[in-house]
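According to Swiss-Prot, the features are:
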type     : residues : note
COMPBIAS : 1-15     : compositional bias 'Polar residues'
REGION   : 1-113    : region 'Disordered'
COILED   : 37-100   : coiled coil
COMPBIAS : 38-92    : compositional bias 'Basic and acidic residues'
COMPBIAS : 93-113   : compositional bias 'Basic residues'
């Protein structure tokens, strides 16, 4: 009977690939595996995600401010160009005609936008 039990124990482990069954089977070397509990890891992960979310919000806010500033500059430049264009037109033609063209262009701009 003793031979049956020893063979069943040996067969449960299986044969080693190199055939040295007299050596103990090695276990993986994980020195830090049991140091922190699962709850602590979950808590740290939640904290990290909250920090990342806050950073993402701050980044988006900064980007929105930047885009608003860029749009403001573009609008200012467009207004300046339009003003210069009307001044050039005023040099060439009468003041009343320039005002009439301004009104017409504003109407068209409102219709198309």
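Cβ from N, Cα, C; glycine included.
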Short question: which residues 6 or more past the ends of the compositional bias 'Basic residues' (93-113) have a Cβ under 8 Å from it?
86
Using DSSP, how many residues in the compositional bias 'Basic residues' (93-113) fall into helix, strand and coil?
18 helix, 0 strand, 3 coil
I'm checking region-level scores; what's the whole-number mean pLDDT for the coiled coil (37-100)?
93
Residue distribution over DSSP helix, strand and coil in the compositional bias 'Basic and acidic residues' (38-92):
55 helix, 0 strand, 0 coil
